[in-house]
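**Student:** Before we start, here is the structure in question, set down as structure tokens.
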Amino acid sequence: MPSEPGEIDRAVALLQAGELVAFPTETVYGLGADAANPAAVGRIFAAKGRPADHPLIVHLPADGYLERWAREIPAIAWELSEAFWPGPLTLILKRAPAVPGAVTGGQDSVGLRVPAHPLALALLQAYAGAGGGLGGMCGIAAPSANRFGRISPTEATHVRAELGEAVQLILDGGRCPVGIESTILDLTAGDARPPRLLRPGRVTPEQIATVIGVLPEIVSREQADGTPRVSGSLAAHYAPTTPLRLVAPERLAEVLDSLQQTGRRCAVLCYRPLPDAGATHALRCLPADPRAYARALYAALRELDQTAADLIVVEDLPATPAWVAVADRLRRAACGSGREADFGKRR
Ligand code: TXA
Ligand code: MG
């Protein structure tokens, strides 16, 4: 159900009081708190069950607020914010002195973005109009509104299912139009070196290059797992509890057949029609377009996770640039999901 009038005011009052509010962004739902208030930020970590040394993204009402949060801002940061904000790009910059360590996981950098969802922007603007939290910093810290390591929520009902009563208010903005988390770009090396892409997303390296004239350096999972810490870059993340296996399209029918012969209930996620669909325990066929696929992916994984299947079998994606971001999420989901070896013990 869409949010009622007056809910933005309630949300602002809760944020000002150091409480949590979940809200939609164009990527996924966020679990928000006053980013300048260490006690409020602490509530986010408690609600998510997330380790306190993992940094959070701070959401701002506009790029005009950047200087409150970042220092030594390179020219490329202004070029990128001009081109992509509001939108699904997070910039990692050196943090300003006023930024509490609670929100940066103790690091000297801070993740910042201006989200494009109308409800998120309305919330951020109303919050700024009402004082903008401690010190008038006007930033809302918000990780994805799921339990640590689990699938990000793309609908308000997912947030309630993940976090229950830990969050007093969930602003309902319907289904998130992008569906996977923002692109994260590390600009802490300044203008002299190419930025580093820490997490792929809707904003692609090629789009970034058209603005700043150079392709970002793609950071491997292993590198990104070090410092600075990017929890979305952990090999196991965005995961269902049911074991998840990626299978090459040309082997899908054969693998399903042999799994089903051993009595396994297979829930299948594909993007092309499945010839022998009737034999599967559950089936979701997503659009064969990467953007439409991304929009539907997390809701589909949640649904299949709840079908009491023994295994979620996912048709592997084409190895082309357009599919990189969703393929990244699926690989992490496969790593973090339940163990296939537990088949038999689970019934
Ligand atoms: O689309 C999104 O980015 C969503 C919406 C709610 O904005 N947020 C999101 O937040 O995905 P979260 O916390 O689930 O993931 C944020 C990622 C984490 O992997 C975190 O480690 C990384 O951003 N991050 C934040 N600050 C950082 C920093 N200073 N250095 C390196 N990574 C940072
Ligand atoms: Mg997350």
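Even glycines carry a Cβ here, placed using N, Cα and C.
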**Student:** So TrEMBL lists THR27, ALA142, SER182 for L-threonine; which of ARG50, ARG113, ARG160 goes with them?
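**Tutor:** Matched candidate out of ARG50, ARG113, ARG160, per TrEMBL for L-threonine with THR27, ALA142, SER182: ARG113.
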**Student:** For HIS59 (ATP binding site), what residues in its own chain, 6 or more apart in sequence, show a Cβ-Cβ distance under 8 Å?
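**Tutor:** Spatial neighbours, sequence-distant, of HIS59 (ATP binding site): THR25, GLY30, GLY32, ALA35, LEU112, ARG113, VAL114, PRO115, ALA120, LEU124, GLY139, ILE140, ALA141, ALA142.
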**Student:** Check the Cα-Cα distances from SER182 (L-threonine binding site) to the binding-site residues ARG50, SER144, SER152, ARG199, TYR238 and tell me which is shortest.
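**Tutor:** For SER182 (L-threonine binding site), the closest Cα among ARG50, SER144, SER152, ARG199, TYR238 is found at ARG199.
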**Student:** Can you tell me how far the Cα of SER144 (ATP binding site) sits from the Cα of THR27 (L-threonine binding site), in Å?
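**Tutor:** Cα-Cα distance, SER144 (ATP binding site) to THR27 (L-threonine binding site): 9 Å.
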**Student:** Whose Cβ lies within 8 Å of the mean position of the Cβ atoms of THR27, ARG113, ALA142, SER182, the L-threonine site, other than those residues?
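**Tutor:** Going along the sequence, the neighbours come out as THR25, VAL28, GLY30, ILE57, HIS59, PRO88, THR90, PRO115, GLU181.
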